[in-house]
Amino acid sequence: MSRYRGPRVRISRRLGDLPGLSRKAIKRPYPPGEHGQKPRKPSEYAVRLEEKQKLRFNYGLSEKQLFKYVKAAKKLQGSTGQILLQLLEMRLDNTIFRLGMAPTIPAARQLVNHGHICINGKVVSICSYQCKPGELITVKPQESSKQLVESYLAFPGLANIPSHLELNKSNLSGKINGVIDREWVALQLNELLVVEYYSRK
């Protein structure tokens, strides 16, 4: 299953607030379609599937990509669910979004793909790059790159920057001081249900 490229608000109406996907307010807070307003009791499978879909759409991943992250999280020591969230949050595209350098993760992905972003002085065009403590994210020293990020910083997607990140607006840079804590993950979901979903497949 490839990455979703359809209407973002439609997905938000179905899954709830997905801060990384869209900044648009949900005018009708119920699922799309003629049966969207009818209350239904979902099955256990449907609940696990919905949590998995929240994760996939918020971070803009294909099914194959998310499955790879789950497998990687299981190999590391600690809570698989929390490690999974840390791996996704430390992606370069998400880190740019959380710094406020882009209003959404898709917008951050465009910055990376178009070569506007540097890490420790070198252009990095891989959205899935895993940011590490001690690294410095800067904007390419080109006027068009600076103007674009400055316009995004004026209206950030989220109000608060996580404690592991440090933004310097004056020189358009962000320092990574550690790994994100669970409490700073903006997406509301139960990550254990995502792990359960894949363990039952």
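Glycine residues also receive a Cβ, built from the backbone N, Cα and C atoms like all the rest.
Quick look at what Swiss-Prot lists:
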REGION    13-43  region 'Disordered'
DOMAIN    90-154  domain 'S4 RNA-binding'
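Residues belonging to the domain 'S4 RNA-binding' (90-154) score a mean pLDDT of 97 in the model.
Summarised by DSSP class, the composition of the domain 'S4 RNA-binding' (90-154) is 28 helix, 11 strand, 26 coil.
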